[in-house]
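So that you can see what the record holds, here are the features copied from TrEMBL:
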BINDING   Asn112, His117, Glu122  oxalate binding site
BINDING   His115, His117, Glu122, His164  Mn(2+) binding site
DISULFID  Cys33-Cys53  disulfide bond
DOMAIN    67-218  domain 'Cupin type-1'
SIGNAL    1-23  signal peptide
Amino acid sequence: MKGVHFLTSTVTILAFTSFLVSAYDPSPLQDFCVAINNPPSAVQAVFVNGKFCKDPKFVTANDFFFSGLQIAKSTVNPVGSTVTAVNVDQIAGLNTLGISLARIDFAPNGLNPPHTHPRGSEILVVLEGTLYVGFVTSNADNNRLISKVLNKGDVFVFPIGLIHFQLNVGYGNAVALAGLGSQNPGVITIANAVFGSKHPINPDVLAKAFQVDNKLVDYLQKQFWYENNQ
């Protein structure tokens, strides 16, 4: 009887543990989702974590289709690169599937500046050219730089949330495709966020954080920060 009681108790604990493990909040699909207590009105729009679902009866092939990713984009901009995102805003059928894609075109010496994706890891494959890529680990790992030079056909992974970059170090243009582990991975370009925020961060904060004088911070905050969205 003691053995039966022990087995029953163990099964009960495991079942309860499994329930706790499976009962989790869904991962956020945007920067934030503020709760509202009252029914929506014409003034107050309602958003969900992700997007509303179309009635399956009205779904067509076009809901899962995007055309034009083979076309090179202009890289005439301050950073010399252009990102063409293919996420849930371009393919509605990606909603709830947890994946998206991006094409990155690089001019010679073009840079996809240091940035982070708060909601998705990234796997990148070089289609043309040579890229110097890398990411920086978290404070707990002493902010180590993990980097490598990639050639055509090479693949590299950037873990979710970590700052990373890609620089064209070849002699011609470069092209890469990036798969991301979210329908809406988001992007935070570090320089833009720190020095180009709306409204500006107090210069005293940045001067102390970067150990520079306020004049340099003021200069940087007055620059035009190009948004290379992904």
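Note that Cβ sites are derived from N, Cα and C of the backbone, with glycine treated the same way.
Since we're looking at a predicted model, the values are computed, not measured.
Within 10 Å of its Cβ, the residue among the binding-site residues Asn112, His117, His164 with the fewest other Cβ atoms is His164.
All chains included, 22 other C-beta atoms sit within 10 angstroms of the C-beta of His115 (Mn(2+) binding site).
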